[in-house]
Amino acid sequence: MADAADALSARSKVQGFLEAACSGDLEALRKFGSALDEEGKGAAAVAAGVRDANKRTALHFAAREGQTEVCKFLVEQLRLPVDPKDDDGETPLIHAARQGRLETVEYLLGRGADPSVASNMGATALHHAAGIGHIEIMKILLGKGVDVESESESGTPLVWAAGHGQQDAVKLLLEHNAKPDTETADGITSLLSAVAAGSLPCLEVLIQAGANPNVTAGGATPLHIAADSGNLEMIKCLLQAGGDPNTSDDDGFKPIEVAALRDNLEVVEHLLPLTSPIPGVSNWTVDGIVKYVSSKMEEEKAQENESASLQRRQPVEVSPEAKKRSLEAKSRGDDAFRRKDFLVAVDAYTQKPLLAAGRAR
């Protein structure tokens, strides 16, 4: 019982120490630090050894909350290293940049924090600053020589900025020679990311920078994505930039069919005179296309049901290679969802080799 009580007491002290770092309460920080120093090693040794379950230090928490005075105390008085990494490979600087803590970012960089350090997922402080559109932090990091093309698992800083609709951040990165057509491992570019985010301003900026309007990821072009969401203004922008309305996705659908599938009739009407007639559509009108797609869906559904029935009657052997690819894709998807990078997540999941084929309806 004594051991359990001691453990609970120590846990409470650690929690108090880290909460004090978050709130900026230097007096409480010193108090809990002294309470934890049972062996007389000194405040510096205590502070260096206190971490949460994810290996985040008091400096991580102080930086995240923009508690610059606490950061100064920990770095200057207790001599803590300025770039400790947590279990995600993130430094205090990354935490500060993600929350837009300009003063803290400036302080940490002034004390020697490395602006180019990337997390386990490959994301730097610049990725996070771009994602939230914090121009001042971005300028500081770019001025420190951070690679504008540094790749994370979710893409470059430009992909992050476009995917969060951060037009000014997109402009700044392009001014620093970011390449608009750099792809992620899943084939996502900044333009695709902007379309998925529904950001017409970012799309227009990227088009002006020469981004490819016909890039594909998982077989889908930007026009397919815009047709799926029913964003007519984006479709007009993409068409004006040379987007091809006759490209089929991996399911054999043209953008006009995707729009019909989603009952985006205004989009269907706009694409109708620009799309080559589809064999099998006898009535090349909005109603004719909607009826054709509906019939096509019913046929595909029947084929899927028949295939599922056959699979239930006979075992399917999956190769070790396919299993490995499936697990890798799922892992990418899981990580992306945790980061709220939904486009990357969906793309990863739809590429899983063991995932049942067919468009979600």
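Positions of Cβ are set from backbone N, Cα and C atoms, glycine also.
What TrEMBL says about a protein is an automatic prediction, not a curated fact.
Taken from TrEMBL as is:
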COMPBIAS  320-333  compositional bias 'Basic and acidic residues'
REGION    300-333  region 'Disordered'
REPEAT    54-76  repeat 'ANK'
REPEAT    88-120  repeat 'ANK'
REPEAT    121-153  repeat 'ANK'
REPEAT    153-185  repeat 'ANK'
REPEAT    186-218  repeat 'ANK'
REPEAT    218-250  repeat 'ANK'
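Using a cut-off of 8 Å between Cβ atoms, the repeat 'ANK' (88-120) and the repeat 'ANK' (54-76) share at least three residue pairs, counting only pairs 6 or more apart in sequence. Summed and averaged per residue, pLDDT over the repeat 'ANK' (88-120) gives 99.
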